[in-house]
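Here the structure is laid out as structure tokens; the discussion comes afterwards.
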Amino acid sequence: MRHLVLIGFMGSGKSSLAQELGLALKLEVLDTDMIISERVGLSVREIFEELGEDNFRMFEKNLIDELKTLKTPHVISTGGGIIMHENLKGLGTTFYLKMDFETLIKRLNQKEREKRPLLNNLTQAKELFEKRQALYEKNASFIIDARGGLNNSLKQVLQFIA
């Protein structure tokens, strides 16, 4: 088995699904945003504000290369922008958690949106969402309809890997 890599726009449920997959498959779960945040000593929002998005993307790119060296399979929850990195290819079996923008925004309360620097301006966030959709689809081994909730997404992933 290869790494199971969850991709999708922020708020699509990647972190929650990763935890459930880890339990179901008895695999360790890794969260790229959390790893970067712990290593840098700042939240993702603080990294964006203090070090800039370019530095965050560099940390992300380097982490992908590092994850490729792991010998055992993991469930990997990724940040929404990770698909901009060419080196994502070959990391593992990739599942795109697809959801429409309006549903994503409804799922995130104000507190959650404040943690996500790219959601400060909803008009710009929607443009980013639309721009990234093609990249998510291009990089996905499988597309998961994430509108049906966590249990439905879990069932879909488990069916694909059965």
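Including glycine, each Cβ sits where the backbone N, Cα and C put it.
Among the candidates Arg132, Arg147, the one that Swiss-Prot lists alongside Asp33, Arg57, Gly80 as binding substrate is Arg132. Following the DSSP three-state reduction, the secondary structure of Ser12 (ATP binding site) is coil.
Here is what falls inside 10 Å of the CA of Gly80 (substrate binding site) among the binding-site residues Gly11, Ser12, Ser15, Ser16: Gly11, Ser12.
In the three-state DSSP reading, Gly80 (substrate binding site) counts as coil.
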